[in-house]
């Protein structure tokens, strides 16, 4: 049902009928018992007026506020409603809305009359507590007593509508406010815009701007900034750029915050050239970029390997005496690490320390990742310990990075020690943590501990993903536990998780290596029925299985199918077949396959060359075979 504000005289009727009735308003009743009182600290001759001064309120603690209220209601004569409002407002700013409502009810019971400001405080508290019907009840009572709502009242209700899933009512309320002659302020617009984005109504937020302009209510820079920010968070950079053009047409100059927001969004969505163009545009319009603008661009350019552009911007930044901050340095360090340029990353870290810029968790995590990538685990552990000593405590990502480093170096027990330390610090391992450890134990050929970690993962409620299952199945198959792998595989097929081609390849290879080539072939043939197309690895695995079994015709048939229907054979396909023919002593077929492989641009791999070399030494082949392969 639409909100229908009428003009002037009918305003009261509108709020009472449309807002109060539709909100199922009830009589306001105390929801919370009055908090305990304690003696107020200080002299007994304490004057509440001193504490209600501006400086006194800024330093007011909650317990003291409650005690002060107790002093005020015992004072004679009673303090004015203005003084009570000051205290209620201060408590509301502490976000103690329940307490404000309770104290307000006590005031009412003591016969202390509210004014408009008091009602606004209570309405705001009910709205912030998502108790919209009670807020509307207070509004109805207030208007019966002759108090007209002001912009503060309506803004509080607007906020209540937005957070109460009544966004259409919120939009209607703003429109009717304008018709009634109220001048919506930046809080009005920003509250509604936030509500629209909260309910995924980005286009409506942009349309609101247009509608307000048409009605003669020109949104200010803060409002435009809120819409731009909302659009960029959703990745709607085209709409954000369009809004910048509308601002220019309305002769509203975008500030550095708005430009930086759009530039950052363009960078995140891989539109680095558009970001650079907008950067140039803002400079041409006299808007000076700040450290955030530069940091976004430099990080983006580094991530896409545009080192010269990033270096130019960094030099430009320093020349303008815009000091790089921890965000700038962290972005550069992370980009250098990901590109394998650890030496450069270390130099930037040293420069940070020289400039007395404290590294943050992102800086440390990036460097730890870099050390792990280069197998410098002792330095990674030292950096890890250093960050803790600086009261910069690692998060799950930091722990996962270091655990992965230890597992990769087959120091999985040290990885487990870190995992236990994580738990002691109150951090909960995630899917990545457990998957990394499972992989690490399988790499160390510790099948029992790998399975133990998987069981623990499931028991604590951390959900394995398809990568976890693939690692588990691969580890079981390679450790000769095909029967256990089959149990897991059958469970996976019954679950809601879809096995991928890697899952099927692992199982086909496991079956073939365990001598169950026919089972592997059956699974291979059923791939299309499961909506999965076999890739070159699947074909190579089956060809290898047939070759082991001595089924040359089946292997040749698969090669023919690959050449006719795809995927095309690769180096692995030809080398597998060549080795099979050589072992069978079929030199002619081997030579033909070698010529075909060379014509496709492939060469013999290490296994094939090693086999040919051994056969040369014992006289089973002549040197021409080695020449053909090389």
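Keep in mind that glycine also has a Cβ here, set from the backbone N, Cα and C atoms.
Owing to the predicted nature of the structure, the values given are computational and were not obtained by experimental measurement.
Taken verbatim from TrEMBL:
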type   : residues : note
REPEAT : 115-149  : repeat 'PPR'
REPEAT : 150-184  : repeat 'PPR'
REPEAT : 185-219  : repeat 'PPR'
REPEAT : 220-254  : repeat 'PPR'
REPEAT : 255-289  : repeat 'PPR'
REPEAT : 325-359  : repeat 'PPR'
REPEAT : 360-394  : repeat 'PPR'
REPEAT : 395-429  : repeat 'PPR'
REPEAT : 430-464  : repeat 'PPR'
REPEAT : 465-499  : repeat 'PPR'
REPEAT : 535-569  : repeat 'PPR'
REPEAT : 570-604  : repeat 'PPR'
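If one looks beyond the repeat 'PPR' (255-289) by at least 6 residues along the same chain, the residues whose Cβ comes under 8 Å of a Cβ in the stretch are 221, 224-225, 228-229, 231-233, 235, 237, 240-241, 244, 296-297, 299-301, 304, 306, 309, 320, 322. If one looks beyond the repeat 'PPR' (535-569) by at least 6 residues along the same chain, the residues whose Cβ comes under 8 Å of a Cβ in the stretch are 501, 504-505, 508-509, 511-513, 517, 520-521, 524, 527, 576-577, 579-581, 584, 600. Outside the repeat 'PPR' (325-359) by six or more residues, the chain places 291-292, 294-295, 298-299, 302-303, 305, 310, 314, 317, 366-367, 369-371, 373-374, 387, 390, 392 with a CB less than 8 A from a CB of the stretch. Through the fold, the repeat 'PPR' (185-219) approaches residues 151, 154-155, 158-159, 161-163, 165, 167, 170-171, 174-175, 177-178, 226-227, 230-231, 233-234, 236, 239, 242-243, 246, 250, 252 of its own chain, all at least 6 residues removed from its boundaries and within a Cβ separation under 8 Å. Residues 361, 364-365, 368-369, 371-373, 375, 377, 380-381, 384, 387, 436-437, 439-441, 443-444, 446, 449, 460, 462 of the same chain sit 6 or more residues outside the repeat 'PPR' (395-429) yet have a Cβ under 8 Å from a Cβ within it.
Outside the repeat 'PPR' (430-464), and at least 6 residues removed from its termini, the chain residues within Cβ reach (under 8 Å) are 396, 399-400, 403-404, 406-408, 410, 412, 415-416, 419, 422, 471-472, 474-476, 478-479, 481, 484. Mean model confidence for the repeat 'PPR' (115-149) is a pLDDT of 91.
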